[in-house]
Amino acid sequence: MANGSPTAPGISFPRQTFAKLTPGPFLHAHLKQQEPIRASGRSPEDFRKPNINTGSLTHSNGSAVVRVGDTAIVCGVRAEILLASDIPHPPRDDLHEDDLVEDLGLLVPNLELSTGCSPAHLPGSAPGTLAQSLSYRILSLINASNLVRPSDLAVLYTEPQTEDDTPAEEASKVTKAYWTLYIDILCIALDGNPFDAAWAAVIAALQNTLLPKAWWDPDREAVLCSPLAADARQLQLNDVPIASTFAVFSTASPLKRRNEFDSWILADPDSFEEDLCKESLTIVVASKKASCGGILRLEKTGGSVIGKVSMQQCVRMAEDRWSEWKAVMGG
Amino acid sequence: MQADRRRINAPSGGTAPPIFATPKDTPLRRPTRTRKPDEHRKLFLRTGVVPSASGSAYYEIPLQSPQQPELLVPSSSSLKITCSVHGPRPLPRNAAFSPNLLLTTHVKFAPFATRNRRGYMRDAGERDLGMHLETALRGVIIGERWPKSGCEVVITVLEGEEDGWWGDAGGQEGGRAGGWGMMGVLAGCITVASAALVDAGIDCVDMVSGGVAALVQDGQDGTKVGGEAKIILDPSPSEHQNIRAGCVVGYLQSRDEVTEMWMKGDAGTQVEALVDEAVKAASLTRTVLAEAVREAMGLKMGKASEEATGGLKEDKGKKKDVVMTG
């Protein structure tokens with residue numbers, strides 16, 4: 001001070017105080033150590049351990065509750081009938097089978113965040129940008145990954161032969177209706193990274209879905225279903241893709257020089273870290289087939305820190321995470 | 001149905017729930033009540049399910065009667081409610097001065113909560129439940145301690161009770177007045193909101209618990225006529241053919257006060273007996289509530305004392321103290 005007294009001893013506060021007052025420097029102080037560690041105690045490559053519980057909802061055809069750390073998401077799948085005669089614009093005949101599900105809109109996902117899952121998401125308002133964009137990302141990923149075969153969702157009817165047909169002619173099979181799956185995803189608790197958990201909940205719920213046996217009744221002109229469980233069939237998914245999200249924490253600032261910054265890639269960010277990171281990367285990994293490497297989607301937004309080398313590291317981490325999720329889901 | 005621009009909508013043709021044909025060989029068995037008239041179903045209550053909220057709780061009444069496993073259609077459902085409390089928070093700057101805590105309640109059924117799929121917009125029934133819940137909680141919160149503050153109580157019903165047995169013709173109505181499932185849901189909402197308020201540390205006069213009772217007049221062998229009227233507590237609406245009246249109360253046991261009462265139907269001369277039975281049901285749920293809250297507090301105290309002595313032995317990653325410079 002003014003009269004040359006020795007510098008005052010450092011003041012120490014509990015961790016929560018620093019986390020609230022200066023979250024950026026707090027996280028930076030953790031990461032810049034010899035062994036980088038995050039504020040929650042995880043290392044930057046550690047994902048949180050997932051926990052899945054399926055089939056707990058009685059009124060859904062399929063359901064799953066996924067818990068990743070403190071983020072908890074419930075997904076319920078409901079099947080309803082869409083009559084082919086009600087479709088205003090029937091699909092073109094030359095439409096590829098893989099595009100039929102997308103064209104008719106047979107899988108309808110919706111993610112609801114305004115359930116009081118965190119103080120920022122209180123109910124009473126329409127879905128905000130985050131909820132809308134997450135719903136849309138899930139929809140586009142469902143369409144891109146061709147999870148469900150349209151033949152699994154179609155209700156066929158073999159038209160009886162009339163007098164005009166020759167006996168040798170095959171009876172024609174007409175699709176009279178389609179099953180529409182409403183995938184309702186509710187976020188019960190949010191602690192960062194809702195996309196990964198929501199996507200895993202969708203996959204687990206679809207795997208758990210039971211569709212009743214349905215047939216077209218020509219007298220009533222309606223689709224009837226059998227309530228017996230023995231007649232119902234489990235929905236088979238073509239593949240089990242898994243999403244992994246990474247966030248980048250960087251100390252770049254407009255006040256410093258352009259290449260004078262440190263950055264760390266954090267796997268599976270929680271909400272404290274998400275608020276501090278601008279750049280994020282989502283990798284969706286599917287099973288390796290003969291020709292393709294197994295990466296279904298790569299989305300990177302918010303910055304340019306991740307380059308080719310770090311991208312390869314992240315892809316490797318995402319593939320390990322895929323094996324971990326597959327083991328939890330039971331193959 | 002109007003297309004909701006902010007959500008992904010159903011296919012434009014419109015869909016309908018599946019129609020089930022009556023099975024030829026398997027008879028449909030109506031569930032019956034096997035408990036005594038004053039016996040409550042087993043409850044499950046836990047607090048602290050949403051760590052980012054000030055307080056939270058999860059309430060569940062698991063499936064009681066054995067389901068018919070050969071049927072895909074469930075004969076009755078469990079009750080699953082989750083509640084999170086955010087507050088006390090400062091009111092927005094442009095809000096008028098309020099000398100008491102401004103309580104806002106919000107009840108929403110999930111789309112997969114009932115036999116027929118519900119939409120995402122709140123309808124009149126849910127707003128009504130929210131009003132009843134607010135009445136129940138307002139009587140127990142000490143509002144003067146929190147001026148210029150607001151508290152949000154958000155309830156999501158993951159699975160709701162039904163109004164009647166689905167196999168009945170017009171089973172969705174289940175009796176003259178109908179809507180019995182909502183009464184059971186309200187009783188659960190009061191209990192779970194009370195647990196969440198305690199978890200959030202909001203000052204309350206006592207713990208309010210919800211109880212529901214009904215006056216039923218079931219005939220023999222599944223008919224509606226005959227049979228004597230009897231009062232039961234904690235009704236499961238799918239077990240009865242003819243529910244004449246029902247009553248939900250929010251009850252403070254140590255002060256013997258009722259903060260909220262909702263009665264529906266025609267109870268005739270037995271109005272007081274019905275209310276007494278509902279109060280008895282509330283006392284039974286209060287024992288579960290007190291136990292759950294005590295357990296949660298024990299855990300919290302244990303964690304707080306551990307942190308105070310500086311020994312966090314969590315194996316999911318030790319939080320190390322760091323030196324902050326600058």
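Every residue gets a Cβ built from N, Cα and C, even glycine.
Checking TrEMBL for region 'Disordered' across the ranges B:159-182, B:303-326 points to B:303-326. Per-class residue totals from DSSP over the region 'Disordered' (B:1-38), listed helix then strand then coil: 0 helix, 3 strand, 35 coil. As a whole-number mean, the pLDDT of the domain 'Exoribonuclease phosphorolytic' (B:39-202) in this prediction is 87.
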